[in-house]
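Asks: Sharing the feature lines straight out of TrEMBL:
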REGION    1-80  region 'Disordered'
COMPBIAS  1-13  compositional bias 'Polar residues'
COMPBIAS  29-39  compositional bias 'Basic and acidic residues'
COMPBIAS  58-74  compositional bias 'Polar residues'
DOMAIN    86-189  domain 'BTB'
REGION    359-378  region 'Disordered'
COMPBIAS  366-378  compositional bias 'Acidic residues'
């Protein structure tokens, strides 16, 4: 056998030699410890809270399978938008406005706030479930007033007069003042604000200064009152022997410079007249007249009659009446007439008596001698 073949057989014999596995006690204990630690790690992994299981399940599931929702996402899916369900439709001037009634209930002192906040049904919806409100108000004005419920201010449209906006605010009980209204026409805005201020001011004057004078006139039996407004520094000194001629009206005076300044404007007089009409007074007259303050001199006329000259000042006056039967108090004739009325009921129901004149006997008529000149019957 050659050396090459001998070497090949030796290598094959070495490869076929069995591999030695150590079976010592130390190697076996290490293997057991490793296996126990592996089991513990697996057990701890299985006992952890199931936080990532949905994601793990999502990875193992097919792409078309629905993803299960967690408990935290469930309320978000069930929550609904209340504004979409609670919105109402208002019809104003054939125009529909879809609004949230919560905007009205936030202002309960307004008319719309009372309609949708109280339990009383002020209005009922039509067959379409729409509310027809604000009759007589244009859609442009109503759209501007809705801005008050959203932002607290009203911008007057340029095509709408301030008076029209003011009347709409009064109807809907929306405050109309400098804090809520924005307007390009300052003249119109200030005019309306002056009317409101004059109304409140005159109501105070009426209760505090004018009403006591009216009560004093009523206690005398009068049914009208004539008040002249003087300044605080005006002095009235009439001569008792020669008083001024004041006419038939009994005048009363009130010393008030603020009331004098109030009546200086004709617009304020119109406001005062409207207030007194609303309070039930009639025959209201406001103006300016001359009022005598003191005696200047006395002149003697022929015949010994004295003429007194007084100093007159122009002061505003106000006249009002509370008489109910004023038409019957004028042009009264106090002459006595014989009554033609029948006081006896029997005479009134009986037939009237016809009086016949007696027939007189015919008298002989003398024939005159001259037939051409007839004589009249005696």
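Cβ coordinates come from backbone N, Cα and C, glycine included.
How buried are the listed features, and what sits near them?
Replies: Residues in the domain 'BTB' (86-189) partition by DSSP class (helix H, G, I; strand E, B; coil) as 41 helix, 16 strand, 47 coil.
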Asks: Could you please provide the mean pLDDT value for the domain 'BTB' (86-189)?
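Replies: Over the domain 'BTB' (86-189), the predicted model scores a mean pLDDT of 90.
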